[in-house]
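Novice: Have a look at this one before I ask anything.
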């Protein structure tokens, strides 16, 4: 991630500066508010991005040990670092719930803010739907009755409801749960790395793959891309973070270190400790490697760690969805009812309930094409996010930026251009079904924005209004 996180000095209010036409929601403090501290935020970001090296095996299967290790060493600097730096600057400049929705709204207006919210929310909810299914895939190894039929559907329902209830209890509980889950799910990887050391043959790291095995570049880059993505998701929680201007850069930097180490060290250890059988390096192979290197006890712990990681992924993703919806309600992009908080726990219970129910429906479907399509929409959202970042630097040069990426505009253009190329690549390799589904979902997202505007004119629902002068004073 970033090599430096020295914040720039705040700028003074300029009375003659052109004021933006949109608003940033300011969270309303209540007696039940409990802000998210640094350590829990680090692990929430960790689960938003990674959750551990589960699934990283496919990189070696696709291109061999050398390119996989280099990929997880180099790719963070050309993809993860720019995304994290953009998040650090904008989340501290506009520290309200909603994150990237606020940024697009500030840069280009409410239409683009709403479209950004729809793209990212569709992507997040479908990812959310996959986690209870993945968790059940490991539980069924112990209870085969959960493999299919009514018992499987009932289990998915209760797993989803239980995990969502944890979110309802409060973001601080989610944060400290993420700390525990993170430590427990990473422990087997630290152990397998230690047990691998006496068996390592460094020459194995230099292998470009077995002879006769064709490299799968699409799988290789997708594995890197999706294992080092979603650094901006935690920005939707900025209004719930303790001193976000100071906490967010530190959390992003620390989560970046934890994430990169969690990939590189286990890959170095295991690929150096066993002879290369490239066809075996698929999702879940780490568990078999644990058995070969240390014994079945570590294999079982590894499998348990996968289930724990999936729980952490679900909790972090649902938190991001819930507070994005809350932020959009605070901005007036959604009706006020979407921003209702629990009287007991001060959590946005409507924002938790809506993605839970949608994800529950999707989890009962065969949704390979849908997931591919929402990943396409996420890529569109990231391109809009980079554009928002660059335009806000030009549009609001005097805004207070507690953290400021230490580059001039030409440097920022280069920084954003490289990851944008990967986003375009991901979209270009999609098949025709993905283009059709993505186009339909985008049309629905546009229709939703204009329907909300129509509801405002007819006063069918109550919408929040924000004091523009107060917001301008906070930004400049």
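Count begins at 1; order follows the chain as displayed.
Glycine is no exception: its Cβ is also placed from the backbone N, Cα and C atoms.
Annotation comment: TrEMBL describes 1-13 as compositional bias 'Polar residues'. If you look up TrEMBL, you'll see 1-31 marked as region 'Disordered'. For 36-56, 63-81, 153-170, 176-197, 251-269, 304-326, 347-367, 373-393, 405-428, 434-451, the entry in TrEMBL reads transmembrane segment.
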Novice: Pairs 6 or more apart in sequence, C-beta under 8 angstroms, 3 or more of them: is that satisfied by the transmembrane segment (405-428) and the transmembrane segment (176-197)?
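Specialist: In this chain the transmembrane segment (405-428) does not contact the transmembrane segment (176-197) - fewer than 3 Cβ pairs sit under 8 Å.
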Novice: Can we call the transmembrane segment (176-197) and the transmembrane segment (373-393) in contact, meaning three or more C-beta pairs below 8 angstroms at a sequence separation of 6+?
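Specialist: Result for the transmembrane segment (176-197) with the transmembrane segment (373-393) is no.
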Novice: Same-chain Cβ contacts of the transmembrane segment (63-81) under 8 Å, 6 or more residues past its ends?
Specialist: 1-2, 49, 56, 204-210, 215-217, 220, 224-225, 227-229, 231, 256, 259-260, 263-264, 267-268, 271-272, 276, 278, 418-419, 422
